[in-house]
């Protein structure tokens, strides 16, 4: 029965998931995103519902799909050999290589100059990069085609977008473990720095990571849960999604660090080669007479016998730990560090296609949740006529997001995206999550909240609705209920028999149950006038 005053869903019947797997994959795809690949490994490397949710989801969608624009650009450029970021381009006279590229690196030049064409600072907007604008339009077109009919279309696409990244991660893990240096990378990953653990910043970053990794307070989980059947067990779903999300972060870190260990070992070897060349030229050793394994012994001998000549050489400090310590997060890990590591792998273009395809599908599945948390409230609030096609509303939202996101295709777009990502969305998410819990517990009231959910599913003994009874309520997010249930309820105790409380008794065996089963049923009665909001009848 619809709540009084609520807007009936279009068509008179609310859509529903085809099966439980679609719902779980949608929630997992929404939670497991780009941050699991490039934010969680970075932290390991460094330290050893309502209008608010709709607004934040809208802001996040603007710049999140811009990241997919960059990923799509790299993906399209991966279908060529050699990869365009493997060497520096020729200068205007075509007599040498670009000086800016030689002064930095090939991967950095391709990212900052050939992709972003970034300006010196945020005050200089620059011009629109038309190649990025075309990729942005393509990304939003893909998102629109996938979310055009809500869960009816995303429920089918999620089978691929949620499961394909795990296949690619497994392929990278198997290949990474066979690369030289992979073991050193994994040892570095799982070796804690006890001194760093005393730093409160470590735990703050860890809490922030899991908060945003689960996509809390964005509204996507509430929107997805609203399509569940009334008796869905959201307690089990919540634990499942949280465990899968955390295990995915760990699984991705193993795959990433096996490749980063290979890159560190490769860079360490090149460093030794450069130093060895200096020793050979200075002391007239025969070519290839000093191997990487002999370098340390030869250098120690020369330092003991001819320290003055060794001191004049421009030798680098070649320590493997220093190369492993080089941290990169976000776009730096995806578009610079990992792309450079792929260059050293045999069949680099194929690995690049796999990697950027994985990133694109990861971001796409997260965009499903972001868009659902925008479209579902608009439909439920009835902002358009009931006969206005849902496909048209979805198209208008996607078009508006595309037009507003054009600013990120400017030469200064990366600066604005970082500002929005660092300050706008995170602060709002934390604030809205806090206000959700306080609002439900102390403003709306846990009794009315429980009564609203209790209409959709029988209560258990003790008169407190289980979390599973809230799984299909559009106003009851699973995370919100679990958080609010830990706080003291507003409105006093629940003593049976008092006005405003409930009285419970266990009735006899239920007759006529399907299958002939019998069991005692706890029944709770409300001992007060009908609630003006929930409109519950008298017992």
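Yeah, the Cβs are placed from backbone N, Cα and C, and that goes for glycine too.
Looking at 288-308, 309-329, 330-350, 351-371, the range annotated in TrEMBL as transmembrane segment turns out to be 351-371. As annotated in TrEMBL, transmembrane segment covers the listed stretch 392-411 rather than the other ranges in 392-411, 452-471, 472-491. Among the ranges 192-209, 210-227, 264-281, the one that TrEMBL lists as transmembrane segment is 210-227. Cross-referencing 163-190, 499-526 with TrEMBL places the feature transmembrane segment at 163-190.
Contact between the transmembrane segment (210-227) and the transmembrane segment (50-76) holds: at least three of their C-beta pairs are under 8 Å, each pair 6 or more apart in sequence.
Counting only residues at least six positions away in the same chain, the Cβ atoms of 162, 165, 213, 244, 245, 248, 362, 365, 366 sit under 8 Å from the Cβ of residue 32 (Na(+) binding site). Its own atom aside, the Cβ of residue 29 (Na(+) binding site) has 27 Cβ atoms within 10 angstroms in the protein chains shown. With a cut-off of 8 Å between CB atoms and residues at least 6 apart in sequence, the same chain places 213, 214, 215, 221, 241, 244, 245, 369 near residue 31 (Na(+) binding site), listed in sequence order.
Here the listed stretches are 50-76, 130-151, 163-190, and the one with the most C-beta pairs under 8 angstroms to the transmembrane segment (423-445) is 50-76.
Listed as Cβ neighbours of the transmembrane segment (163-190) (distance under 8 Å, sequence separation of 6 or more from its ends, same chain) are residues 25, 32, 41, 44-45, 248, 251-266, 268, 320-321, 324, 345, 351, 354-355, 357-358, 361-362.
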